[in-house]
Amino acid sequence: MTITDLVLILFIAALLAFAIYDQFIMPRRNGPTLLAIPLLRRGRIDSVIFVGLIVILIYNNVTNHGALITTWLLSALALMGFYIFWIRVPKIIFKQKGFFFANVWIEYSRIKAMNLSEDGVLVMQLEQRRLLIRVRNIDDLEKIYKLLVSTQ
């Protein structure tokens, strides 16, 4: 096993740990989930480039008769990338005292202002930054509003 294979195993383990945390652990942290809203995905061009480069590496490894374990590890990395970028649905998870957005816990007390843009993007102003929340279904904005009014 080469250092390349060890690095591939490390990246696969990191992506697998992220997927498990995102899917199973995060919804159970900080109390019961009051509301989970699916969000729009960001640009997919990055994911196409990532998976495309891995496919090129697989092709290069096969044509140069590289190690079989490297081919399998690259295939596993491509599958993990496909899951993370195309199958997994990003979501905002609301709890009693705060919410998870982009896998970061934000307490309701940190929200200084909220606005709704013309194109249906909920803008939350925190102390240092703005959160741009793009929901998949525009009707979910009303659910978020009702939840925030009831918890405040």
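Backbone N, Cα and C atoms are what each Cβ position is placed from, and that goes for glycine too.
Marked as topological domain 'Periplasmic' by Swiss-Prot on the basis of sequence analysis: 1-5. The average per-residue pLDDT of the prediction over the topological domain 'Periplasmic' (1-5) is 87, rounded to a whole number.
If you look up Swiss-Prot, you'll see 6-26 (among others) marked as transmembrane segment.
What Swiss-Prot lists as topological domain 'Cytoplasmic' is 27-44 (among others), and the listing cites sequence analysis. Within its own chain, the topological domain 'Cytoplasmic' (27-44) is flanked in space by residues 85-86, 89-98, 100, 105, 133-137, 140, 143-144, 147, 151, which lie at least six positions past its ends and keep a Cβ under 8 Å from the stretch.
Counting residues 6+ beyond its ends, the transmembrane segment (45-65) has Cβ neighbours under 8 Å at 71, 74-75, 77-78, 81-82, 84-86 in the same chain. According to Swiss-Prot, the transmembrane segment annotation covers 45-65 (among others).
Annotation comment: Swiss-Prot describes 67-87 (among others) as transmembrane segment, evidence class sequence analysis.
Sequence annotations record features per position, and here Swiss-Prot assigns topological domain 'Cytoplasmic' to 88-152 (among others) based on sequence analysis.
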